[in-house]
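Listed in Swiss-Prot for this protein:
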BINDING   Ser31, Gly32, Gly33, Ala34, Asp35, Ser36  ATP binding site
Amino acid sequence: MKISLTNRVRTTIRERKLFREGDRLVLVALSGGADSVALLCVLRELGYETVAAHCNFHLRGVESDEDAAFVERLCRDLDVPLHRIDFDTVRYARERSISIEMAARELRYEWFGQLRKELAIEYVAVAHHADDNAETMVLNLCRGTGISGLCGMPYKRNDGIVRPLLDATRDEIEAYLLDQKITYRTDSSNEDTRFRRNLVRHRIMPLLKELNPSLQEALLRTRENLEGVAAFYSKATEDFHNTLRATSSISIREVKETPAPFTLLYDLLHPYGFNRDQIREVATSLDNPPGASFFSSSHRLLRERDRLTVLPLSPKMEVPELFGLKIGDSFLDLPDGKQLSWQRGTPADLDLEGLRLPNTKLLLPLAFVESLQEELGVRRPQRGDHIHPYGMKGCKTVSRFFIDRHVPRSRREEAWLLCQGTEVVWIMGYAADRRFAIDELSDTEEYLLFSFGL
């Protein structure tokens, strides 16, 4: 017995848990075409309260405006609230050097996200169906993809997008509309094979069906098999994802112990903007000495002694300086949320415990600070900085000091220096320069005791 479209959608919603129990309000992406019109009508049949959202991308001249007018009439006849928006899609694509298809996709989903917040609606239903998903699987296969790409479109996304028609075919949708005598718009651009999806739909899929007339069923079985594999894989990598989110780093040893380090690294790093070639290079560098850096458009990956650390790129911060500070002040807030504080007094007034170790404190004569106040400043380390570490002989670069102390690269770049001109007085929280250190204290002299917490 052939299942009706309404029952098929009901089953998909239930089995795929598209909506929370009792949640009946849905925003429907309504283009006016057969798929979206059928989706709107079926959801209403199933008792959902619907709100429609229509995008006019202005790609087909008068046709686009006629689509918008049709959607307005349909929503008025069905008493469905409608929200609509106009986009200059061609300009958007040109400014970002992306395809028209990608531009329309970005514009519509960004707007859907805004509408969800404005209307306090949890779900946005889009009308992708089984034929669309088969085309997506083929497209993804042709350009190269992983397990999730071979599965095609997800039934439900984390951003509230749901696809109730994903188990229904195009033929079933059109048969439903014909049976219900429901009219819809036909998009003439769907025949334009300059668009990749249309090329797959009109040329590649018919050829594949010559090889296997039951292509739709075969791809469905493949999808189901891959979904199972994807579920196992997701469970196996869950701890790595959780660790990376919580600490911004992962253990190199643990990555190397997995059966497929590159596959794992691709899964972990691709969401941060790293491409396949970069991730391949990261994977081959796991046994190399530390120090290498890799950059995506949004993040930096640091190859440290025993960990891979991923940090967001941020604009260069302006470092506040100590010149101009009033000795009567007691602290200086730094841009990253850390704080340098100080106390003024004689040795009897100050808490000097732990002054040398772990170097979270620095004692300087008040007279020295007052005389050099205009030359004192706080900044990040830079190439060529040197220090004569207290308790050690000789001089070394600040970078060598960090390496010898096994300080991770990410921590090095977050360090602060108290400097007198070009001289490093204190690697704040790590080591004072012995040239500025005080070996003998005067009971009557006043000092400034600087404190810094890592």
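For all residues, glycine too, the Cβ spot is worked out from N, Cα and C.
Sequence features, as recorded in Swiss-Prot, placed on the structure.
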residue: Ser31; record: ATP binding site; Cβ within 10 Å: 23
residue: Gly32; record: ATP binding site; Cβ within 10 Å: 23
residue: Gly33; record: ATP binding site; Cβ within 10 Å: 18
residue: Ala34; record: ATP binding site; Cβ within 10 Å: 22
residue: Asp35; record: ATP binding site; Cβ within 10 Å: 22
residue: Ser36; record: ATP binding site; Cβ within 10 Å: 25
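DSSP gives Ser36 (ATP binding site) a helix state.
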